[in-house]
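Read through the structure below, which is laid out as structure tokens, and then see the notes.
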Amino acid sequence: MTEQKYIVALDQGTTSSRAVILDHDANIVSVAQREFTQIYPEAGWVEHDPMEIWATQSSTLVEALAKTGIRSDQLAGIGITNQRETTIVWNKETGKPVYNAIVWQCRRTADICEELKARGLEDYVRDNTGLVLDPYFSGTKVKWILDNVEGAREDAEAGKLLFGTVDTWLVWKMTQGRVHVTDYTNASRTMLFNINDLCWDQKMLDEMGIPASMMPEVKRSSEIYGQTNIGGKGGTRIPIAGIAGDQQAALYGQMCVEAGQAKNTYGTGCFLLMNTGQEKVTSKNGLLTTLACGPKGEPAYALEGAVFMGGASIQWLRDEMKILAGAEDSEYFATKVDTSNGVYVVPAFTGLGAPYWDAYARGTIVGLTRGVNSNHIIRATLEGIAYQTRDVLDAMQADSGIKLANLRVDGGAVANNFLMQFQSDVLNTEVHRPQVTEVTALGAAYLAGLAVGFWNSIDELQDKAVLDRTFEPHDDEEKRNRRYKGWKRAVKCAQTWSELHDEDD
């Protein structure tokens, strides 16, 4: 290459928009980030302003370029990764949203989900979209907008409105309304996409009263969708060449492109994805079936499980229990004791996610004796994150019949060496922590870079996936099984609480 070229990842998250610029060696050379407003109109409702999402995201790219003096004509391509499921409906003639973006966390469509369950659609949804009937996904959010925004249904029927997840909205804005597109990973989170036939599901569209004319074209996660001159001087055109939802982008950034490879992102919650290749695995253990990326960005199947409380349980120790000054101190205190002294902490503050899906379970500390101190509770809380991860991975291995070779990890909590070592012990599996932990942005950049020839092959990318550290399991089998049995008993206590509560009433 005669002149230094770069690739950009736009990472549009739930609380902030970021731009990450990478060089050919996949080193991060510039990052810019802007937070935006969280809107809570009613209890359980969460919204964003789509124009603010666009304004913050476009300005981060300009800022990231300005920080390093990189010119726009040095950009080989742009990849986009985004908060999934968040739903935007806009008028294609005016370019204006008809309502705020309804965010993935928003629970306002619970009644619509109940109505669809009453119509006997649960099995159809699971078999054809891979998902469960839940307000989390986009479909019921679109229906809510059409049902509740004045004039929206009429405009939709007249072909004036477009739907998109955040990636679709950004590409539409970046191309001045020329391109209305999404990728397979984002489409698979809408509850409107048939993951068997890889097309929009007409039955689901009909059941929700959503005109097919609103839906974007669905493409691979690595191809040129259109050109933009965002942040460019003198009309420099830059190809938009990669799109993936945030968790699937992280899976790709971790180079989990073959069947049986899995990653866990330790954030507020934990998101586990396992690539199952070209085989669609329907879960019997409370997991979602979704679409991820194969080696060249082509659609591949994956299993997904979400743990509601990961790093958030450490924040609870800090903010509510006040037994930690900072989350980063948890490793120090956890290693001041040799064991948790028989204590288990089940952080079911908002119920339990996969594989239990128990909305009524509540947080529980069991096994307390007089000898238990705050260090034991801190250690047990960290252990609880690792046990929940094993719960999901056991379900994935049972569903897929694939034995996990290793677990690749990312997210804030992976800096905690105690947690990573305990995770390895509990799973009896190697845990691989990468040197670059910005794997979501990496995934989007890799997908775009492959599409424009910035990188030539997946092999070239795998050479760049340098590990910071490999954690190997130390525990003997008897000890591991005894501990895990104790965890399972503790989970039963968390689940029994609501049943006992009902008996008292």
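Using the three backbone atoms N, Cα and C, a Cβ is placed for every residue, glycine included.
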Select one of Gly226, Gly311, Gly371: the residue that Swiss-Prot places in the ADP site alongside Thr14, Arg18, Thr268, Gly412, Asn416.
Gly311
Which of these, Tyr40, Tyr124, Tyr136, Tyr225, does Swiss-Prot say binds glycerol at the same site as Arg84, Glu85, Asp246, Gln247?
Tyr136
Check the Cα distances from Thr14 (ADP binding site) to each of the binding-site residues Arg84, Glu85, Tyr136, Gln247, Gln315 and keep only the ones within 10 Å.
Arg84
Ranked by the number of other Cβ atoms within 10 Å of their own Cβ, which of the binding-site residues Thr14, Gln247 ranks first?
Gln247
Among the binding-site residues Thr15, Ser16, Thr268, Asn416, the one whose Cβ has the most other Cβ atoms within 10 Å is Asn416
CB within-chain contacts under 8 A for Arg18 (ADP binding site), separation at least 6
Leu10, Asp11, Gln12, Val31, Ala32, Gln33, Arg34, Thr60, Ala441
The record lists Thr14, Thr15, Ser16, Thr268, Gly311, Gln315, Gly412 as binding ATP. What's the largest Cα to Cα distance among them, in Å, rounded to a whole number?
20
